[in-house]
Each structure stands twice: as structure tokens, then as C-alpha cells.
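Remarks on the structure that follows.
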Amino acid sequence: MKFIIKLFPEITIKSQSVRLRFIKILTGNIRNVLKHYDETLAVVRHWDNIEVRAKDENQRLAIRDALTRIPGIHHILEVEDVPFTDMHDIFEKALAQYREQLEGKTFCVRVKRRGKHEFSSIEVERYVGGGLNQHIESARVKLTNPDVTVHLEVEDDRLLLIKGRYEGIGGFPIGTQEDVLSLISGGFDSGVSSYMLMRRGCRVHYCFFNLGGAAHEIGVRQVAHYLWNRFGSSHRVRFVAINFEPVVGEILEKVDDGQMGVVLKRMMVRAASKVAERYGVQALVTGEALGQVSSQTLTNLRLIDNVSDTLILRPLISYDKEHIINLARQIGTEDFARTMPEYCGVISKSPTVKAIKAKIEAEEENFDFSILDKVVEEANNVDIREIAQQTQQEVVEVETVSGFGPNDVILDIRSVDEQDDKPLKVEGVDVVSLPFYKLSTKFGDLDQSKTWLLWCERGVMSRLQALYLREQGFENVKAYRP
């Protein structure tokens, strides 16, 4: 099996040295991601494309799907690489490959050619197109907007029969730009903004300010792990959790009601800047959009930025909520965001939309900054790859079982698409499907006389959700790992 990786167009217009560096980094990223599927897989870089060759046909769909989610790839061609002798041989191979696909359809042939040959690309298009038209009675040629375009590539004595084209996410390869720290809350905005910076070539680390206890952190860990695993797993990143409840308590006690929102954001930027400086990160990323809430007016954003020298990136600054939600749906974080527990310890009855710097600074003079220093010092820093392991260590009260008893039911908490692609069937026990994002609202409707064994493919989500349900008072849950 062979895939041809086509580069994002912005890479191809770089200078020779920069283009070569980007291609080298992208090649390494592809190897890092795909080695989990096939250790014998070969990734070979060229000036115009990257080849991926693998032997394990069972991993074809998984490899193809993974490639479409690696930043820097414009599209992927799944090809069959065969030798040929002459133009008629090319036609015969094309006929065998595309006959069924062209039945009753309009088509055209498009050929790309590299190397020295006795024919041109146009001559191959005419010869193959004419032959297909003669040998497939129900098909007819249509050069503009055909039903099917037959793509062929001729390189020296090899013919590439294009079996399928699949769009990538584009952007720059991760690692071509410097690291950033995303202030992630688990909602729509922060997830999308994190994705946008990954797509632009940044390694995105995550900083979470916990205002609402373990359940909130569990949910945010899920979002961060999902984003990393889906779009950024070629690189190691950090997940930093800061317990911000003491800071919120100090704000509630010492700060005027109308200034609370801006002061809280300033404290978050101060804390995140300290974390960024500690790890050599160049910029912060937030999901703020202009005018979305009271703290996101230009005046207030300027005051928030003033507390730190660290660059703050806001990729969603001009986006409306509908656009952001649509992007969240495309990248798969919508369901997380919709069910994310919302905690706001600082709720102003009449928040200011045009804060005055002198007044904000006067309010902050009452704040005990040693509290802020302490929570940053005690921040929990985790390699995002270890989230599963740490969850297992932390959730000692959630039992993990490999077997089942007469009163047990397996609860498949994967997404609907994953369940449809690979249904779970276990002999001797009932299996019930309930996607993870519906557990908070639907688990209570299940038969509570049963013991529910939560299952997902990697075991991360099942343990996190089991802890969440335990915290909600459900004692009849365990994690299932056969």
C-alpha cells in the first residue's frame, strides 16, 4: 500500500532552505504519528511530495485517517504503483482499475508525467481516454465537470493509479513555529483556538485554571488529550493545571463587584506568563472574541494584556459564536464543550465593559499576590501522554476489571461514529451504548440495580468518566479493560 503526500501550498513557495526544513520536519512528524500503526512503515521525502509505504493492509484506513489530521498536508493520494511498458499498457491497467467506477458516468483523464518518455502527458490523456470511451459503452467523455476524473501519474517506468484523494487539514508542520501555551477551559473557544495554532505549526501546551473541582479538570483533560491525540501527537506537550480557587476567593473578598471579571483575567494572564517563562514558551493563546462578553471589549483586553510582556495570541478575535461552534463541530470538540461543567466563581452583577486602569490597579492593591505565587508554584505539570497513567493513579476508588459477573453490563462510551465503525460485541454479557458526552445527563436513566462497566478503546476516557460519575454519587460504575 502506498500514499503520496502533497504539501500545503504555502510550503512550496518558501525559499529552498526553508522549504527543505519544513519538509524534513513534516516527514519526521509523519513517522512519529504512524509508527504506532506499523513499525515497518517507510516514509520517504521528495522535493514535491512525501511517500508513505506500508505492508500491513489491515491498517490502511487507520493510516489514511491519521494522515488527514497531520498539519502541513494539503491532500493525500492513495495509489497503486505498477510498472508499465508503453501507452497501451497504461490504458489496459487504467481500464482494469476504473471500469466499474466509470459505468454510466461521464469522465475525463488527467495525467502528470515525470521523466523521459516518447509521449507527452496530453497524448496519454487522449489515448487512455479514447480507449476507455470505446471499451465502456455506458461511459462518455466530458472534459468539464465530469462525474469522475481519472488521475494517472507517470514517473519513469512506473505508473501510479490514483485510487482515492483525501483532503488534509493544511497549515504548517508542527515544530516549524515556536511553542505556545493555550489557556484552555474546555469550552468551544479555547479548543478551537488551540487547534488553529497547531494547524499553523505551533506545538501547543495547555494551561488550565481550575475553578470548580476535580470534575471540571477531568473534562478539560479529556479535551486537551483529544486535541493532542487527534492533531498534535507527533510532539510531546505539557498539561499544566493550576488550582485557582484560592485566587477566586481572594478576588471575591477584596475586589469591587464590577471589576472582578477583568481582575480575574489579569490574574490568569500573570499566572500563565509565569508558567510560559518557566518552560521557555513564547506566547499565550486564548479563545477570546471581540465583544463576546464584558471582559472582551478592546479597552478591557488592552488592560488584560498590560500585566504581562508575554505575547497573547487571539486567533478567534473576529469570529462570531456560530462560526466558532461550526469549527468545533468539524474538529470534534463540540460534544465535549456542550457537556463541559461550567464554573464561574467570579460573577459580577454589573461588570464593567470599559475598565479604568487606575481603578483596576487600586483594586489589585488589596489583593494578596503571595496567593497567586503559591498556586503557580504548586501547579501540576503533566506530560499529556501520561494523562491515562496519572488518571489510573489518582482514581484509586474506581475499580478496573477485566472480567464480568452476572449483574454486570458493559457500557460502550465511544462516540457514535466509532461505535458504528467497530461495534463492540462481548460473549456472555450485555453491551449498552451511551456516548461519553451523554453520560452526565443520561446515565441516571439506566437501570441502577446493575453494575456498569465503562469501556473505551484506550481506557483513558472510561477511567475519567468513571471518576466523574463517582463524584456525582453513582457507586455502581467500574472501568472495563479486557
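Using N, Cα and C of the backbone, Cβ positions are placed for all residues, glycine too.
Among the candidates Lys163, Lys265, Lys274, the residue that Swiss-Prot annotates alongside Leu183, Ile184, Gly287, Gln296 as binding ATP is Lys265. Sequence-distant contacts of Gly287 (ATP binding site), defined by Cβ-Cβ distance under 8 angstroms and a gap of at least six in the same chain, are Leu183, Ser185, Gly187, Phe188, Asp189, Ser190, Gly191, Val192, Ser193, Arg314, Leu316, Ile324.
Secondary structure at Cys456 (active site, cysteine persulfide intermediate), as computed by DSSP, is coil. Over the domain 'Rhodanese' (404-482), the average per-residue pLDDT in this prediction is 84.
Distance noted between the C-alpha atoms of Lys265 (ATP binding site) and Cys456 (active site, cysteine persulfide intermediate) is 36 Å. Within the set Leu183, Ile184, Lys265, Gly287, Gln296 that the record links to ATP, no two Cα atoms are more than 16 Å apart, and one pair reaches that distance. Gly287 (ATP binding site) carries neither a helix nor a strand DSSP state and counts as coil. A simple way to gauge crowding: the CB of Cys456 (active site, cysteine persulfide intermediate) has 22 other CB atoms within 10 angstroms, across all the protein chains here.
Using DSSP to sort the residues of the domain 'THUMP' (61-165) gives these counts of helix, strand and coil: 38 helix, 38 strand, 29 coil.
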